[in-house]
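Peer 1: What follows is a single structure, and I will ask about it in a moment.
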Amino acid sequence: MKYTSYFLALLLCVLLGFSGSYGQGQFFREIENLKEYFNASSPDVAKGGPLFSEILKNWKDESDKKIIQSQIVSFYFKLFENLKDNQVIQRSMDIIKQDMFQKFLNGSSEKPEDFKKLIQIPVDDLQIQRKAINELIKVMNDLSPKSNLRKRKRSQNLFRGRRASM
């Protein structure tokens, strides 16, 4: 389990490192700091294959990819939360978290707080379970694609109006 956390931290660093950053030099230094701390270059880290890389390859569509990325980001924030008392790597994790929020949540100031709230909701609390079930219909409706019916009707009416005036 310990090596899994190390490997995940390394993978996070690699994934974020390749996507570009405003402070790439510092970001890469923090990656190196984490790699050294977790001994991530050790051959045993690769045992069992990658955790997320293979999964991400299966998600081609950009909107679909965001779904799986949200789960991966959620995992990393939980990982960072478990390591929050480690002062040796705290600065590195803070920089990576900040960059992750910037990239994944498009720099919005409200979204990170909402995201943090969501990943901290306990699923074993009965009151939370009841609330979640109560909101399930609304959530499912939000997930459904919006109907283009109104847009089509407007377009058809506009087209008919042009034809009638010609």
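Placement of Cβ uses the backbone N, Cα and C atoms for every residue, glycine included.
According to Swiss-Prot:
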type: SIGNAL; residues: 1-23; note: signal peptide
type: MOD_RES; residues: Q24; note: pyrrolidone carboxylic acid
type: CARBOHYD; residues: N39; note: N-linked glycosylation site
type: CARBOHYD; residues: N106; note: N-linked glycosylation site
Peer 1: Which one is it: of the recorded positions Q24, N39, N106, which Cβ has the fewest other Cβ atoms within 10 Å in this structure?
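Peer 2: Output over recorded positions Q24, N39, N106: least Cβ neighbours within 10 Å is N106.
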Peer 1: With DSSP assignments reduced to helix, strand and coil, which class does N39 (N-linked glycosylation site) get?
Peer 2: coil
Peer 1: Going by DSSP, give the three-state secondary structure for N106 (N-linked glycosylation site).
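Peer 2: It is coil.
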Peer 1: Between N106 (N-linked glycosylation site) and N39 (N-linked glycosylation site), how many Å separate their Cα atoms?
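Peer 2: So the Cα of N39 (N-linked glycosylation site) lies 31 Å away from that of N106 (N-linked glycosylation site).
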Peer 1: Quick one: Cα separation, N39 (N-linked glycosylation site) versus Q24 (pyrrolidone carboxylic acid), in Å?
Peer 2: 22
